[in-house]
Structures are given as C-alpha cells and as structure tokens.
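Per TrEMBL, compositional bias 'Polar residues' is recorded for 283-295, 311-322. Summarising the annotation, TrEMBL assigns domain 'Palmitoyltransferase DHHC' to 105-224. Among the features that TrEMBL reports, region 'Disordered' is placed at 283-345. The transmembrane segment annotation in TrEMBL covers 12-29, 35-54, 150-168, 188-210.
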Amino acid sequence: ILSFIICYLNRNFYYFLFLFFSVTMTNIGEKVVCLVAYHIFFMLFVWSYWKTIFTLPMNPSKEFHLSYSDKESLEREPRGESQQEVLRRAAKDLPIYTRTMSGAIRYCDRCHLVKPDRCHHCSVCDKCILKMDHHCPWVNNCVGFSNYKFFLLFLAYSLLYCLFIAATDLQYFIKFWTNGLPDTQAKFHIMFLFFAAAMFSVSLSSLFGYHCWLVSKNKSTLEVFRAPIFRHRTDKNGFSLGFSKNLRQVFGDEKKYWLLPVFSSLGDGCSFPTCLVNQDPEQASTPGGLNSTSKNENHLFPAKPLRDSQSHLLTDTPSWSETAAKAEKGKVGMSNPALTMENET
C-alpha cells in the first residue's frame, strides 16, 4: 500500500512539474532548485524506506540461549522456584536487570532463551527481537535495535517529502479554485496531489513527533505501555541517561552519519546502560567471555559491544542524583522476591 502511495505521489508530482515548467515556471533557477530539492528528498526517503524494510531484525546472541543440559533440567523441574533456580544459574553471567511482573527471570519458551533487557517475542515474526519497538505493517518488518534509526529517518524524510510537495503545490492549488490555471485536464492532478501530500503530512508529523519523544526519553513503544520492571521496582525512565546520551545511543557518536540511513547506533542490542539499577552481585556487568565479532557475525552492520558504548555513555556527569544513587546502594543486598515462572511475549 505504501509503495502504491509513493508511486502515486511521484507520478502526480511529475505531472505537476510538466504542466508548470512549461506554462507557469519561467525562471530557470526556480526549475533547477525545485528539481534538485525534490530528488534529494525522494532519494533519501526511498533509501531509508528500503533500509527499514530489508534490515533483518537482530535476535539475541547464542549466550542467551539455554544449553541442552539446561533445557533438560528446565523440562524435568516442576514449575516454580526450581525452574527459576535453573534460569538464575543460566543467567548469572548475563547483563540482565529487568524481570517479569512477578519478579521472575524473563524467559521465552518458544525460542528457549533468557530474554535480554528490552527484548520481546514478536508473534508475527515468531522470534525474539532485540530492543523491539513494534511490528510495523507499513514496512512488513519488526522495528527494533537493528533498524530503529532507519525507521526514524524514514518517518523524517517521508514527512519532508510530503511537506515539500504540499508547499510547492499550494499556490497552484489556490489558483485551481480561483480559475487561475490553464484549462487542461492535467490541472486536476494538482488538487489530488495537494490533498494526498497534506493528509500524509499531518499523520506523519504526529507519528514522527511521538518517536522523537521516545528517543528523548530512551523508551520504546512497548515500554510506554508496560514500563520495564527492575529487580527492586518498576521505573518507566530506568534506561534514560539524559537527552544527549539518549540521542547518541540511537544515532551514534559520529554526527556525519546521523542523517544517513547507515547503522551507527551504540551498543550490542543485548544490554543497555541504566541510571536506576546497581550491579546485581549475582551477575556480571558485561557478558562473561563475550566476543563481539562472533556475536554479530550474522549481521550486516558493525554493532559496538556494550563494554565500549556503556562506559563511553557513562563517563560524563551521571544523570541521576547522588541521593538517589545512595538510596539504590542500600538495596543491592536485598534478597530477591519470591520468584515464579512467567513467560511473556
């Protein structure tokens, strides 16, 4: 459907160019600027749209999958604390800080893995997606860690594309109603072109604004509806490090890549720095013995491991108050609540 809309807007805009380049636009400079600007927006729009569609969602690395012996132990044990003991043993060296609503370790019984923080199982793709935001029917793909930046740029450039068409068409749309256009059938394309571009500009501006707010707060769409639950409490802003660091976590450190649909996000998608949770004494701050090259060998983008990006993001002034940090220190030694087995999607 979206491809059809793109073709429709593109075809009608060329009708618009043909009609008014030959009749109304007499200034050669105006024609050149209009053509160059349009094709820049169109190229960036299609590029980001293509990357959003064809970038495969990133799945948890092999370190999060249960071993054969752990799977057998899990199947043998009755549901409850005994199964949680198996999962705690399997997850002790993994950087996992979030839990289920009952305090249990997040486990996917379809993929047979311990879920990394911010990872969710997509019922459409039938697999666990790292930092899953949502499954988008417009691009027929899951939007997550691997393509969230591309999705944002897709929204931005599609909005600019529609705004440019609506802006350049506005004066001629007004002339359509005042009978100021040449009396040809092509002038009706002006009316439909403006309506389509303006309608999508309104809807895209609200969606793009919403995702800009999500980036500024370091949240996903799923986390807005269900706040992440950490070991000691629920906190909807647990992953927020401040506006600047939140922005860099999605777009990276090199500003020259921010506006281009190339992967530059920080981290490995399996673990994320947080301003809320102190290190669990039962868990390592980074995956024990992880090899960043082997972990991402099946992906076509250069993901940075957490031990690089996390320390980099947290070297500046902490984004939480000293008082809050001291209060959290006192909670490190607290015992876990009674844990029960709970599978969530």
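Counting starts with 1 at the first residue shown.
Backbone N, Cα and C atoms are what each Cβ position is placed from, and that goes for glycine too.
Helix, strand and coil content of the domain 'Palmitoyltransferase DHHC' (105-224), in residues and according to DSSP, is 65 helix, 16 strand, 39 coil. Residues belonging to the domain 'Palmitoyltransferase DHHC' (105-224) score a mean pLDDT of 89 in the model.
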